[in-house]
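> Got a structure for you, written out below as C-alpha cells; questions coming shortly.
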C-alpha cells in the first residue's frame, strides 16, 4: 500500500525521523491519581512497537490517547510532527484493531471493510477494488458476503485487521487483538500480523499483556508499570539486559537473590548474599554502589552446574536439588540456593546432561554478565 | 442380536426394543413432571385467556336469541317474502302471539326487544308496550290476531317491523360485524348506515392514527433517555432507572388525573402561561378533553414501555463499535447513524410494538382526558359492554381490533422482521 507513495519504507531505514511522539504526557481520570506519569516516547516510521505491562499499568490509556478517545491531561502527543491533542479521532487517520474486533454485526464483511472508504466519499468501483485487495491480503477473499457472526474468532480477527488497513493509514493501533484466540491460532496470527506490518511498512503500536507476544512480534518493546515506561528496548536487550527488577521479573522466568554490594571492581560487583556467600554480578541499576542493598537477577537457562563448563575463578554457590521436572525439550530443576527454595534452573535435554535427583548437593555458577545487580 | 449400528431397520436398544420407543419411555417421567409443573399456569391461561377470547369471538356472530325466543314466528316468517309488499298472513301473527305468551311468562320478551332495538330504534318500547297487552290474549281462543296486534301498536302493521325480525332471525349473523364497520344488515343485504350514524370507522381510524402519534412521541422522547441510561455508569444508571420506573408505582388513575390538573384551562400550565403573559386570560389554551390531552397523557404513561426494551438493547451495543467507526474516519453523526442506530432498531421495534398494541386498546386515559374528540374505539367497546349492553357489537369491535393488531404485527414481521425484536 505504501509503495504508491514511493519506495517502501523499511523498519529502520530512516530511524531518525520521528513519526509518533509522546512528550511529557500525563493522564488522570479523577484528578487525584495519575494513570500515566510523565510519558516520553518517540517512534520512527515503520516501527512495530509493543506496549507491554500488567493490567492497570497505563498502556491501554496511552493507546487510547494516541487514538484520540482519551485526552491527555498534560503534555503533547505529536503525529508526523504536528500536535494531535485537539484533533478528534475521526480526523487522525489512524487504523485501529480492537480487542473484541468490533466488527459491525449488522453489516456484511464487505460492508464493514467498505465503511471507512465510504465515509471518505470514495467512488464505488474504487471502493470495491480496495475491499477486494484488503480481503485478499488477509486471505479472506471468499467471505465478503458473510456476516461477522458467521465467522470464527480467527477469521474475525483477520477481517478486523483488513478493516484497519483498508484505508491505508500510516499508523495502526492494536489493542490486545489476539487476546480471545486460542494458543495455536494466536501464534499463527502473531506471525501474520508482523509480516503484514513489515511488508506494508506500517507503523504499528501494539498493546498486550502477553510477554511472549511482545518479544516475538516487536521491533521494540515498552514495558509499562505504574504509569511509566520501565524500559524501552528491542526484545533481546529487554530479556537479556533488564534494567530493573520489575522488568527482570515481568519478562520471562527469573531467579532473584538478595544481598549487599561489597565492592565494584572492573565493572564487576561483588555481592554478599544474606547468608554470607559471595557472588559476582554486573552492576546495572544506578542504586548499585558499595554498601547498598541489591537484588540480583539470573535467568534459569544461564545457570551452570557442570563444573567443567564454569569459568575459572568465579564464585559458586552451594545448592540442594528440591525437584526435578522432565519437560521433554528441557529439564526444569528447582533448587534451594542461599535460603531461596524457588530457584529454578533450565537445562536443554542433551545426551551429555546429567539428570539431577532430589536431595543431591551441587554447586552452581554463571558468567558475571548474566547475573545482573538491580534495584532492591 | 442387539447390534445398534445395524444400517437397515430401526435402531434397537440393548434389550431389543426400538431405540425411539426406549428413549420415549426414559423421558416420559421427565415430561410428566414438567407438565405437572406448568399445569397451574396452563389452566390459568386457558381459563382466563383462551376461553374469554374464544367466547368473545363467538359472541360477535352468535344470534340465537331471536330464534329461541320466538321460534314459531321465525319458522312461519320463512314463508313470507318481505319484498312482496304485503304484510305477513294470519299464521305469522298467531305464531307470534303464542311465542310472546311463552316469552312474557319467562320475562324474555323485553330482552328480545332490546336486541332488535340495536337494529331498529323503537323496537324495545314496542315489545315492552305490546307485552302488557298480549299477556291478556289466549293464543288458543282469542284469534285471529292480525287486527288485534295492529290495534295494540300500528307498528305491527308495518312491513319494516316484520322484515327486521326476519332479517335478524338467523342463528349466526354478520350483523354485528356490519354494524362495527358502519353498515347494517337489511332485508336487501348489507347497506351503509345513514350518514349521521357512521362513527365507528372514524373511531377506528382515529385510534390507529393517535396510537401511531403516541408511539412516535414515545420513540422521540424515549430514545435519548434509553441512550443515557445505557451509557451512564451502573450506579447512576440505576438511580435514573428508578425515575423511569417511578410511574409504575403510582396508580394509573392518579397519573391521568394529574394531567387533568396540569392541562385544564384553569390548570397549572395555563395559569403559568397567563401569568407570564404568553397567553391572554380570555384565550386560555384548550389542552384537555381533546386529542392533544390524550396524546400527552398516554405518551407519558406508555413511555416506560418504550424505554425499557430500548435500554436493554442499547446495553448490549458495545461502545467499541462507535470507537471503531470513529477510528475509521466517521464523524460522530455518521458513527451514530450508520452503526449505533441500526443496532438499536430491535429495541425500537420491540418498544413500538409494545406501546402501539397497548395504546390501541387503551381505555382509562382517553376516557378521563379525551373528552369526545379524544376517545378511542375501546371507549366505544366499554360503552356497549356496560351501557347499551350490546355485547355482540362490543365483541365484533373487539374482534376487529384483535385482527388489526395481528395484521400490523404481520406487516411488521414482513417489513422489519420479528426476529429483529429484542426485549433484552
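Yeah, the Cβs are placed from backbone N, Cα and C, and that goes for glycine too.
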> According to TrEMBL, which of these ranges is transmembrane segment: B:236-254, B:255-273, B:369-387?
B:236-254
> Where else in the chain does the transmembrane segment (B:34-58) make close Cβ contacts, counting only residues six or more beyond its ends and a cut-off under 8 Å?
395, 398-399, 402
> Considering only Cβ pairs within less than 8 angstroms, which of the stretches B:292-314, B:335-364, B:391-412 has the most against the transmembrane segment (B:236-254)?
B:292-314
> Do any residues, 6 or more residues outside the transmembrane segment (B:335-364), come within under 8 Å Cβ-to-Cβ of it, and if so which ones?
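Sequence-remote neighbours of the transmembrane segment (B:335-364) are 207-208, 210-212, 214-215, 218-219, 222-223, 226, 252-253, 256, 298, 302, 305-314, 317, 321-322, 324-326, 376-379, 381-382, 401, 404-405, 408-409, 412, 416, 420-423.
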